[in-house]
């Protein structure tokens, strides 16, 4: 048989089963270790593609397709989420370099924090490793040809050369600019080898290198975020996680602006020192940096660069620090305590970003004004995005509750409009409340109906199979038949005191109880003096009148009439099998050739139990009646024999005394009265010794119709 070209991509090892390749359970989610294991495995295992070409070409094709990763594979999708998180962390690590310059207040010079240099460089290198892995993945990840997306998912391109050309022409340049270790080079290589003031060079180089790399790193996050949402539909699994994700972006922006505020504050103080040094005779610029050996004092800088608020400056010759006055007056630029600097600057950024920069009093310095404008615009955009996205995520957690409130309000208005009695209203409210508690507003049938058939079958097996096997009637069935039954079952709910079916109504479905208790009662067609009730619990079933009707190929279109009334004693959860579905499944019953199923049905059927009990009781009453009649006959025969013997004695004696004649007359009268009483007792037996009218024997379900019976 010839097959068309198959575009499916599978990681397949001929020596192992498919389930062992992925190593994922049905409910398991890949962890970080699992992702790295799958990454390693993905580069070792070639892809398996169906082909119709000659074996030599197949081997060549297998070699060229080696190490190609399926973009729809779960481990790659999880890696994209991890890399997206790593990109956010990278944006948070880069501003740490801005805290390296420190002002030495004692010597009035600029120095560097060597410990922070090493720590920030190591963290930046660790995050860059994620970028390297991502670039390698991009050279090994297949893509869907745009021209093939007219129908379906499109054709997967697995050629390594085509993949490389596509990546080189798209995001490779951005990824390359993002991964360049410019801050590490500045801190660990450039600074130790220059003869100029190290603090000044470090401050300037770090500012430009990090800002230059920030742009491609931010640009790379947007297509990555789009790819994650396109393949998996979501970034976070829960609404609260989504709200936290958007809040973290807002906090990241606060951290970035706080770090920039710190660095520019140091720059403004350094600028003030330079201007003061130019005006002071004998001042050398290089002595403004602590790494230079010097024996001079810079105490004049204290009076030349006072830290005054912009509103307190009356002399135009005084240096205006603008919005950076707070950082200088608080001494945060002079502190060697990193966490003190970090949290103070973070709080400044968060406060002004939330206030949209309204309280910032700037100087006439253009860079400071641009910085304040960027805070205002960024705060406006980020705050709008934060509120909008958090509202969207948080509303998703309450949308079901709102639907429930609207439904309850509509139900109350409808009940009031129709003037329903209070007892019916209570039953409706109780049903809606119980249904909400069980389903949380999710329409399960609609959700399952939109899924593929095989997936729907697996879900139904997961939901119903274990519960069905608790029902003895299903416990002895094979897996194929259970699959057919599971696919047609639908969950139903019954509130307390509600009627499932009434005696004399058509039976439209068979019910299998999973939780709760019911009572099944019958009056044997309304016959006076007859009543039978049986309690049903979990694993019991009712509506068995439908089974003989469904098993009969010649049955009419009219549903059978129920012989029992079934009422819920508590809240009941059950699975229902409708008459049409049972009719379609019944053909598989007839293929079982099993007497065991027939005996099991009889044993657990309420109708068969009732009929069996009535039959046994009737047989017992017949036995008691026959035993009583036999004892009465024996007593009558004994009395007759006594009378006969007395008559013989009377005829043999020719002469008798008056006393003997009186005794004979008394004995004769006693025997006559005893026989009369025996006959009267037989005709007036109590009802428990009489044979009542038996219930109609249930219809025998033909499990082997049109088939030979097993010996």
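Cβ coordinates are placed from backbone N, Cα and C, and glycine is handled just like the others.
Database features (Swiss-Prot):
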- 1-81: topological domain 'Cytoplasmic' (TOPO_DOM)
- 82-102: transmembrane segment (TRANSMEM)
- 103-116: topological domain 'Extracellular' (TOPO_DOM)
- 117-137: transmembrane segment (TRANSMEM)
- 138-170: topological domain 'Cytoplasmic' (TOPO_DOM)
- 171-191: transmembrane segment (TRANSMEM)
- 192-204: topological domain 'Extracellular' (TOPO_DOM)
- 205-225: transmembrane segment (TRANSMEM)
- 226-243: topological domain 'Cytoplasmic' (TOPO_DOM)
- 244-264: transmembrane segment (TRANSMEM)
- 265-366: topological domain 'Extracellular' (TOPO_DOM)
- 367-387: transmembrane segment (TRANSMEM)
- 388-711: topological domain 'Cytoplasmic' (TOPO_DOM)
- 473-603: nucleoside 3',5'-cyclic phosphate binding site (BINDING)
- 589-604: region 'Calmodulin-binding' (REGION)
- 609-638: domain 'IQ' (DOMAIN)
- 689-711: region 'Disordered' (REGION)
Query: When you check the transmembrane segment (82-102) against the transmembrane segment (367-387), do you get at least 3 Cβ pairs under 8 Å, counting only pairs 6 or more apart in sequence?
result: no
Message: For a three-state summary based on DSSP, what are the helix, strand and coil counts in the topological domain 'Extracellular' (265-366)?
response: 56 helix, 1 strand, 45 coil
- prompt: Around residue 541 (nucleoside 3',5'-cyclic phosphate binding site), how many other CB atoms lie within 10 A of its CB?
  reply: 22
Message: Across the domain 'IQ' (609-638), what are the DSSP residue counts per state (helix, strand, coil)?
response: 30 helix, 0 strand, 0 coil
Statement: By the 10 Å Cβ-neighbour count, the most surrounded of the binding-site residues 490, 558 is 490
- prompt: Do any residues at least six apart in sequence from residue 507 (nucleoside 3',5'-cyclic phosphate binding site), in the same chain, have a Cβ closer than 8 Å to its Cβ, and if so which, in order?
  reply: 501, 543, 545, 546, 549, 559, 560, 561, 562, 579
- prompt: DSSP says what for the topological domain 'Extracellular' (103-116): how many helix, strand, coil residues?
  reply: 3 helix, 6 strand, 5 coil
Query: Mean pLDDT for the domain 'IQ' (609-638), as a whole number?
result: 77
- prompt: Hey, what's the Cβ neighbour count for residue 575 (nucleoside 3',5'-cyclic phosphate binding site) at 10 Å?
  reply: 24
